[in-house]
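See below for the structure under consideration.
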Amino acid sequence: MAIQHPDIQPAVNHSVQVAIAGAGPVGLMMANYLGQMGIDVLVVEKLDKLIDYPRAIGIDDEALRTMQSVGLVDNVLPHTTPWHAMRFLTPKGRCFADIQPMTDEFGWPRRNAFIQPQVDAVMLEGLSRFPNVRCLFSRELEAFSQQDDEVTVHLKTAEGQREIVKAQWLVACDGGASFVRRTLNVPFEGKTAPNQWIVVDIANDPLSTPHIYLCCDPVRPYVSAALPHAVRRFEFMVMPGETEEQLREPQNMRKLLSKVLPNPDNVELIRQRVYTHNARLAQRFRIDRVLLAGDAAHIMPVWQGQGYNSGMRDAFNLAWKLALVIQGKARDALLDTYQQERRDHAKAMIDLSVTAGNVLAPPKRWQGTLRDGVSWLLNYLPPVKRYFLEMRFKPMPQYYGGALVREGEAKHSPVGKMFIQPKVTLENGDVTLLDNAIGANFAVIGWGCNPLWGMSDEQIQQWRALGTRFIQVVPEVQIHTAQDNHDGVLRVGDTQGRLRSWFAQHNASLVVMRPDRFVAATAIPQTLGKTLNKLASVMTLTRPDADVSVEKVA
């Protein structure tokens, strides 16, 4: 697959607000989000083009919502297969775990297959929308140094020329072997799996069966995955004593493929590559003016398809905070909440991925026998079966501290969780997803009420300066009731009834939603003012809070 990139003019002794090391998916997403916020960004990439072979193959609903936030989801969807099930098979082919979630609470299918190089190309092309963003290929990051108010980055071109970039912030998205992380001596704690796997990608899918299958064969476990555009991926465990060179030999490749294909000679190989599965987590995500994201901060086995998606969560969490700090709307202490919020969830996804790998290829033979026996019980325990079928075991991001205000018991609070994204009806009759009505902004969303009623004039001014949208949700049949309109408030109809159900479940009538779509706080009209003051404080917003009481009585 040939990936094109635009002609790039060199930047010599250039000054930008943010330098991003690495033009992988996390770096490209960071650049797109910051670009639409008007931030001057320079992306530098060691390679001469985007990687053009498939790597990650799973993109989830949260990542698609992130793509939506930068206006690229419509271009990404043609390179995905939605509702992609994952099935674990015994050595005899019996399905003992069928992971097939059909929920779309965040607006998109939960599990999707995709072709990463084509989606990366969409993100790279997306940068062309922003004159304030540039991407330089064939630039090796040789050194960097931090000062009180900037980072100096030293680059080397393919021709050996040196360039210097001065940036307010450096975001390291330079992969698991991150030069930036290693230079800063940040511990990368974890382990490397003893077994390797060989990945074989084939064009014109010779099986064409949908979904992904993980066969728990004790002799040689393997994976068979259907990907978009008629690509088939097989993954086989590399056994002790085998080498990549040996497995790539035609007779050995034929032997591998004969396990899964009736005619292993009639295939169109795209590539074969051996991977080692690592499970590692950086001790720190922020070091003064340097921030680590994606694989530079955490790497995990592929079995739950969460390495790519965890990187997208990093980008979404960090980008809006970095934009606020650069724009002078928040102090840089806000950036400390990035590690506070993201590190624990990244660890949870690492642990889940390791567990899934142990189910596929248990370290001990007896563990595989136990797994196969226990799997029969799933058929007789419907609640447990639904737990796997609906992917409820996936640790959903939930932040217990950071840029949020929590009231009451944390276990049942929606604060720190991603807000739902149902369809809503606009006053002109159009039906759209909620985020499309809000844009890349904060939102104060009220069920049935005027969200401005509980705010002081000073607070309204402060939150409008952040670009906040004020949303009044009403039953769809009330959307054209003119007397309910309020200046500066967008009214939307609850097309599917999901917003009413959400507010009823959580005993709140107002939600403060962050730009990354997480619930920062909940309130009722009489307590909204006090809640916003607390939130402004924990987010270190630069405008002083109004020293007035804004609680109201009816």
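Heads up, residue numbers simply count up from 1 along the chain you see.
Cβ coordinates come from backbone N, Cα and C, glycine included.
If you look up Swiss-Prot, you'll see 17-46, 285-295 marked as FAD binding site, on the strength of sequence analysis.
A helical conformation is recorded for Gly35 (FAD binding site) in the three-state DSSP classification. Fewest other C-beta atoms within 10 Å: among the binding-site residues Gln17, Gly35, that description fits Gln17. Residue environment of Phe285 (FAD binding site) contains 28 other Cβ atoms, counted within 10 Å of its Cβ in all protein chains. Sequence-distant contacts of Val41 (FAD binding site), defined as residues of its own chain at least six apart whose C-beta falls under 8 angstroms from its C-beta, comprise Val16, Gln17, Val18, Ala19, Ile20, Met30, Ala31, Leu34, Gly35, Phe130, Asn132, Val133, Arg134. When Cβ atoms from all protein chains are considered, those within 10 Å of Met29 (FAD binding site) total 30, not counting its own. Cβ-based neighbour count (10 Å, all protein chains) for Leu291 (FAD binding site) stands at 27.
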